[in-house]
């Protein structure tokens, strides 16, 4: 197709056709059989041309520039037309360069649907955009880039203006969409008018954004708001320059204000809930020539209907709280920034101070209100710090980690409550839950409550994620070293009811050995799963964790591990699992990382499980899980029969001795202990408590016999001058073993008298079951000394028992 462009001289229009940047010149322009890669048509010229391809829009763009002089000649007020007609269908840019005096600024008026400012690099939906630049002397300031369908209705500029309209090659637009309305001195860089009708939201930027607002300049935005609507201003992105003189600020002319203009810093919360039209001005300063910095501002204006409950206030009394902040925010804060088009929820601490995020601090009383149609989109996040300053005072205090009622009574869902617990050197922190106790959240035993606690211990070297816990478990106490962060997080709406039953408490305790110690008191009917902290990433190197498991007196615990090995290899040090019952003489079970973990076993007393990590050789870390179940202790009938039989024998011996003493009460000779092979005071079923000693014979068991009956003939032969060589009982005062000795048999107790009113001997208790022994291994002795002594004593006693008096006594 052939195109003809005729330009009149008086129009002062220049047309330029040139190749698009980065496109190969496979298509060219032919003018009178002359091939060109670009074409420039000046005012007064008439040119006919064709393209050498059928799709020139892929290769060429067009610029149409019109110069308008409003300084030396009359200014052409009215609509600005797209001229000349009959242009080829190329991507084209119309440029109007209007010269004007700074004493008589220009006003550009836009036809509906007006304009909407966009950020640099953003594209308009229809690819039709306007770019406006202000020209003051030789300086050019970019007022902004705009799309159609917005709220910007007019722009007044100081001095001249360069207006650009970018149209795609297939755009049906036939009018420029603006006119030059007037000339008026405005004494500032520009005034941008924005008309908002109904509920809406707009975003605006300072000139030259984001490169920086001109030094010591002033500009104004005028917002036309219906009187029955409410407007709020939010600064989303701003920066400040380095001022030598004056101060950067924003000024508001607000309807009904008695102190116009109201001055704010850019860092302040901006006015909200404004009833009617208002002005906002941005004032720069004289900048430091060496380091000027950048002043820029991106803000949002939201217009909405008055809320029904905007006059409903909620009292938040934090006057008695200490070191606590409460933040009310939209859902997803701070990781998610709400879209400009989303319905807005505002929190107000007074009628003019509202924001999407409001932070309240302890020590004050607030009356807040909400400008929000749907309060379910709001959340509360609170944080409280507890520290120990005076060790003597804080070690005696128990702190309740409860969510204050002033928070739970608000019509906003609590998202998270954080306690930051700071402990001084050599002081650790203890967390308890006396009534509810805590359950560790593990894959086999998940929490299903309306809230949970996430506990993190911050050591000087690393941060240890202790785990997630919820109420209703078996963990009574957690002791941790260094500082602790506890985060209560809610799920659903059930926390409002369950918050009345919180019982989490903390206190400062003396230094503990391990990084973390758990005290576990399980329900006898439950199966409890416990796992190492920092799951599933593994324990940090050289960290030691302990569990103290309480076993009910009538129960036996069954302990097992979820895997057969630790699953790590150590580069430095060794990793250990230690198991030991909390009873004297208990053997300790120890396994290294290169050994199999213990098989499931029964634990009859309270016991410890300790896991100590090494420095692993690769990225695989130590993760360990174990479980505990309970069962009733099985009562062995043979043990009961043996105990009863033993008690009967002891009772018979006691009665016999008492009767003999009654017959021989004239004799005052001291009683001596003589071996009696027919007496057995050892109770079956307890032999596992001893490792060495005379437990397999009865050489240490004695009965009390009147010495006159046994040794009378010896005393007569020696005239009482020779003491008999017999084993006489004396109280034990040597070293003891792993278990304390049991009390001696009843026959040895000096306070037992044989009389008609003598009470029955006490029945054996649990502590009486342990066998009494005289033989204890001393330091330096071999393990067989006890057995040797037993043999010697047995020989001596046997020779004595062969006397006739012994036979008579037995008869």
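Using the three backbone atoms N, Cα and C, a Cβ is placed for every residue, glycine included.
The compositional bias 'Polar residues' annotation in TrEMBL covers 774-783.
The annotation compositional bias 'Basic and acidic residues' is assigned in TrEMBL to 802-811.
The feature domain 'CDCP1 first CUB' is assigned by TrEMBL to 3-70.
Per TrEMBL, domain 'CDCP1 second and fifth CUB' is recorded for 79-182 (among others). Residues of the domain 'CDCP1 second and fifth CUB' (79-182) grouped by DSSP class, helix first, strand second and coil last, total 0 helix, 62 strand, 42 coil.
The domain 'CDCP1 third and sixth CUB' feature in TrEMBL is assigned to 188-291 (among others).
Annotation comment: TrEMBL describes 315-403 as domain 'CDCP1 fourth CUB'. On the 0 to 100 pLDDT scale, the domain 'CDCP1 fourth CUB' (315-403) averages 87 in this prediction.
Look at TrEMBL and you will find 414-500 (among others) tagged as domain 'CDCP1 second and fifth CUB'.
Residues or ranges marked as domain 'CDCP1 third and sixth CUB' by TrEMBL: 514-627 (among others). Taking H, G and I as helix, E and B as strand and the rest as coil, DSSP gives the domain 'CDCP1 third and sixth CUB' (514-627) the counts 0 helix, 52 strand, 62 coil.
Annotation source TrEMBL lists region 'Disordered' at 734-811.
The feature transmembrane segment is assigned by TrEMBL to 639-660.
Counting Cβ pairs under 8 Å to the domain 'CDCP1 first CUB' (3-70), the top-ranked stretch among 79-182, 188-291, 315-403, 514-627 is 79-182. Counted with DSSP, the domain 'CDCP1 second and fifth CUB' (414-500) comes out as 6 helix, 51 strand, 30 coil.
Per DSSP, the domain 'CDCP1 third and sixth CUB' (188-291) is made up of 0 helix, 53 strand, 51 coil.
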